[in-house]
Amino acid sequence: MDDEIENATDVALTLAAVAGALVVAFVLGTILSAVVNRLGRRSELARGISKRLRRPDRAVLMVVAVWIAVRVTTDPSVSWRPAVEHALLIALIAAGAWWVGALAFVLEDSALKRFRVDVVDNRHARRIRTQIIVVRRLTVAIIVVCAIAAVLLTFPAARAAGASILASAGVISIVAGLAAQTSLANVFAGMQIAFTDGIRVDDVVVLEGEWGRIEEITMTYVVVHLWDDRRLIMPCTYFTTTPFQNWTRRAADLLGTVELDLDFRVPFGAMRAELKRLLAHTDLWDQRVGILQVTDAINGVVRVRALVSARDAPTLFDLRCFVREGLVEWLQRSSSDSLPRTRFEGVEEGRISEEPDVAPGRSQADGAAAQPAIPEPEVQLPPSIPVGPGIPGQPPLSTRQATRRVSVRDQTRVIGTVSAPQDVVETRVMSPVEAALAGAPGAGDTGEIGPEDLPGGASESAFFSGTAEGVERAQAFAGPGQEVIDEREETAERNRVEDERDAAASQDDADEREQDQDAVRRTADRDRPGDRDLGRGESQGDAGHDGDA
């Protein structure tokens, strides 16, 4: 009876001590948090520590306080004490892992606040944010794995199993590696992408026939924002095993082409002048490259290519559309003969008379007088292709000559003639730009083409410019920014200098080794004649001794 009372008293004292320890730990944690807040009014790091570590601090302090209370108020011989201490040890490991993870988050948050993403040019900040997020996820995974391993090692049976696992680590690692090959490959590929600078957030890339920008990089996949607002999800291993295009790796400016198949009669000089005029009156062109080339001349057409440059991919897209539209309008307006066409050449057939022109035995003159005139065969050509009314540049049906008879002896082959009346006015639909120009004051006074006759591509049909949404889209697809490109250039230049320095050092080492080898050879050459003389003297001495003998 006395033992039961004593045990109950010990349990009550222990519970009271535990309760008091919890209260003290809670109060101590609150005071510590208040002190940190007081000190962190001017420190961003201190405020982050107070915010992130408030609960982990209290948890660690409370577990430690309870453990101290149990050890102080209980006898080591009590049967339930080892189980309680084991549970407190597991709780302390969990609280410690929580505290370490929170501290890692504080440091990462402090690094993230240095690179703001709520500014206009936030490309560099997004790259750093991506790397920090990858590090955070990796840190959390490592802390969780270590905490679980520490908890398992508190059990004797788990320690024995761990020893056996370590003994057979080779086989188990092979099996685990084969089982998680794809996942581990993506994880390591994500880390490689994040820290090797192969791609960055906002880089403009071309992959699988699509072009877009890198929107997000995780440890296992990469999100590509395509130009038409689709999202392409690619595994990280794709970017480490498959070639792809990165349009903003070292610079964002690009060259683009506009190709047209035209007739051989196209005036290249006038077309070059029109291209220069178009480029001079648009702000899409960066004034680097603007030339006209003839790249091919086969199958009855010539292929004309306009090569232009722009500061980034979105601007280049709109510039190509602008130049293409302008050149086509110029061909329609000023050089319609240059449009591609197919030519057909007809073949005339005539009937040959088998009767001789001059009878035998007569002179040519007599034969000509005696023979009656043979009528010349006539060839009836098919009528011209009917042309409907209202088609520009074609006469009415009443003014078209249906057939024509020609002699096969005529040297000039006539297919048909069409007499076009002079009072026929061509009717066609005007483009919006021409309609606006026609309605402007003073329009039609001169036939010259001015800057106002530019096509409407830059403002009416542009996808990346001309509107607020287009400008925002262009900024999104413009690349990582000049700051990042300059940083990449500096890194490349630094790597080049280091490579040159290493190459020079290697060459110096090789020269020193060669000089050492030359010195050794010269020393050996100097020592070799003495050795020969010494050997010759010994031989002569041996011969003298042999003679004396």
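Using the three backbone atoms N, Cα and C, a Cβ is placed for every residue, glycine included.
Because TrEMBL annotations are produced automatically, they should be read as predictions rather than curated entries.
Feature annotation from TrEMBL assigns transmembrane segment to 12-36, 57-74, 86-107, 134-155, 161-180. If you look up TrEMBL, you'll see 183-249 marked as domain 'Mechanosensitive ion channel MscS'. Under the heading region 'Disordered', TrEMBL lists 339-409, 439-549. Per TrEMBL, the feature compositional bias 'Basic and acidic residues' maps to 340-354, 491-503, 516-536.
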Going by DSSP, how much of the compositional bias 'Basic and acidic residues' (491-503) is helix, how much is strand and how much is coil, in residues?
13 helix, 0 strand, 0 coil
Looking only at the domain 'Mechanosensitive ion channel MscS' (183-249), what is the model's average confidence as pLDDT?
85
Checking distant contacts: for the transmembrane segment (57-74), what same-chain residues at least six beyond its ends satisfy Cβ-Cβ under 8 A?
10, 13-14, 17-18, 20-22, 24-26, 28-30, 32-33, 81, 84-85, 88, 91-92, 95-96, 98-99
Apart from its near flanks, which chain residues at least 6 from the ends of the transmembrane segment (12-36) lie with a Cβ under 8 angstroms of it?
46, 49-50, 54, 57-58, 61-62, 64-66, 68-70, 72-74
Beyond a gap of at least 6 residues from its ends, the CB atoms lying under 8 Å from the transmembrane segment (134-155) belong to 86, 89-90, 93-94, 96-97, 100-101, 104-105, 108, 162, 190-191, 194, 217-219
What is the number of residues in the domain 'Mechanosensitive ion channel MscS' (183-249) that are helix, strand and coil, as DSSP sees it?
20 helix, 25 strand, 22 coil
